[in-house]
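Note sheet for the following structure.
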Amino acid sequence: MTLRALFLRGLLPGAGVLLAAVVASLLLGAGDVGPERALSALLGGADGDARFTVLELRLPRTLVAVAVGLALGIAGALLQAAARNPLAEPGLLGVSAGASFAVVVALVLGASAATLGPYVAVLGAGAGCLLALGAARLRGAGDDPVRLVLAGAAFSGLMAAGSSVMLLVDARAADEIRFWTIGSVAGRELADLWAVVPVVGLGLLLAVLVAPALTALSLGDDVATGLGHRPGRVRAVAVAAVALLVGGATALAGPVAFVGLVVPFAARALVGPDLRRLLAVSVLLGPATVLTADVVSRLVARPYEMPLGVMTALLGAPVLVAVVRSHRLPSL
Amino acid sequence: MNPDQSVPVNPGQSVSAHPAEPDSRLRTRDLRLAHGSRVVVDGLDLALPEHQVTVIVGPNGCGKSTLLGGLARTLPARSGAVLLDGRELTRIPTREIARTIGMLPQSAIAPDGLTVRDLVRYGRQPHQGLLRQWSADDARAVEEALTAADLHGLADRPLETLSGGQRQRAWIAMAVAQETPILLLDEPTSALDMGHALEVLELVRSLAAQGRTPVLVLHDLTTACRYADHMIALKDGAIVAQGPPTAIITPDLVRELYGVESAILTDPVHDTPVICPLRVTPSGAAA
């Protein structure tokens, strides 16, 4: 595939969808500031309520959703390449649940959400990565993509149960904790975003550095070695990048499942299996996916909102079923 | 960044640590290789002659693929060493080795949707770096490899839509594009019919004629005799015989390797040995 084809088939449609999603995210909401009022506020209108809603609530929320989508989409593409498994998704494998659980434990131990950096979430995500991939390496599980997901589901369930136990232990923090059991970008502020920028930025940098070598791993470890790569080291860097990205995203928005599955799935349909192209397209499709899910979550139950995590699950579950039911799983 | 712009295909300056022995860049010294606790190759000393087709033969489980893996550093030596230009392989950066030794394992796998050209382009990775991305030299090498493997008409086809022979040629083209002086191929003709197997082996011969050093593991002894300049017969991880096929192939060697009584004929066109198996050696009579 030439660069021109990558642009026409992947980057252009991706940019179009992302632009539409950003506009929708700024103009549409569960409240009573409709598209016309929001648009005039954006263009400098004098409507104070509308200006506040659009610039102080929806704009930060949009930026947060972009960051979350970017991190999760890239993390999904990396994890799928490292595990050579099209179902390897941070949410499904329990990486997000691990990150959330780590945050919940820190909250119960007395940390406050305001002072809690993203690093606790990164540690939890890292532990989740290692446990899920370790479980998949157990005898007989290595070659079967579905088993990896089963291992992840078991781990995810365990982490969710752990978080629920924490809810019982510490009712005081219940509201805060409940946020960490289902993802959302509502009410997030720019300060929250800036706190995770170093973590997500480092994750993205590692992703860019490791992408060529990780791409070669799709030809098998022996071929990759023959091409001058060290498979063990490459996987370790990839997993570190996933932990940083998922930890950062989870610290921002709680566990948001299926984004890491849906985004690479769509990108693969657009530009084929090459990881470097997948990453380039995922940069656009990740934010677009989370933004779209967030906009829909504001509209379906007006004047109430549905949490983002519920929406991505509704979107992602059919994709999961489609991937599993397709004639055979695409091998990576 | 990599200072040398391309690997010389025909190095006239190849270093030989032992001037008395044949010119050779890749050797082993008292090499031991093992899978887990099972030692497959032990105490092996070997030198691969330059610019010749070397074929490794031997019965199932004799350590052919293990040896190739050892030479390619995918299987680390338990003791002894593999030496490239007199340096231990473990002391050379893996990317530097990848510019000298190419490796195609048996039954390699590729992701769905990967096209032939995409695959061949992977062969250029050892020549690229963070600062040195895709170059005109890389483009030339890919085109030459596609031409050598006669794949130009198929370059944009996904691998899974090709026949077995075409797919195998695509993998070999990837290894060719790597432009390594030494090329290790593990059973490149397995699962290929006679015509496709010949295509692959003719390609290998032409690479040797261009000054490269191909090393193959082959299953079929007669085919090996036809294409080998230098043959290495392995049994139980040790070299039983080595040299030109016409010099080493005898009924005794075939009996020792495979436990088969045979008659050795001569290819009327190429004068190479043709092995005509007669019967399994009765147990007790085996060497």
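Glycine is no exception: its Cβ is also placed from the backbone N, Cα and C atoms.
Curation does not apply to TrEMBL; its annotations are automatic.
Taken from TrEMBL as is:
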TRANSMEM  A:62-79  transmembrane segment
TRANSMEM  A:91-110  transmembrane segment
TRANSMEM  A:116-136  transmembrane segment
TRANSMEM  A:148-169  transmembrane segment
TRANSMEM  A:193-217  transmembrane segment
TRANSMEM  A:237-266  transmembrane segment
TRANSMEM  A:278-296  transmembrane segment
TRANSMEM  A:308-327  transmembrane segment
Which stretch, A:91-110, A:116-136, A:193-217, A:308-327, tops the Cβ pairs under 8 Å count with the transmembrane segment (A:148-169)? A:91-110
Who are the long-range neighbours of the transmembrane segment (A:91-110) in its own chain, taking Cβ under 8 Å and residues 6 or more past its ends? 75, 79, 116, 120-129, 131-133, 148-149, 151-156, 158-160, 162-163, 166, 169-170, 173, 176-177, 180-181, 183, 242-243, 246-247, 249-251, 254-261, 316, 320
May I ask whether the transmembrane segment (A:237-266) has at least three C-beta pairs under 8 Å with the transmembrane segment (A:308-327), counting pairs 6 or more apart in sequence? yes
Outside the transmembrane segment (A:116-136), six or more residues from its ends: residues with CB under 8 Å to it: 79, 82-83, 85, 90, 93-103, 106-107, 142, 147-148, 151-152, 154-155, 159, 195-196, 199, 239-240, 242-244, 246-248, 250-252
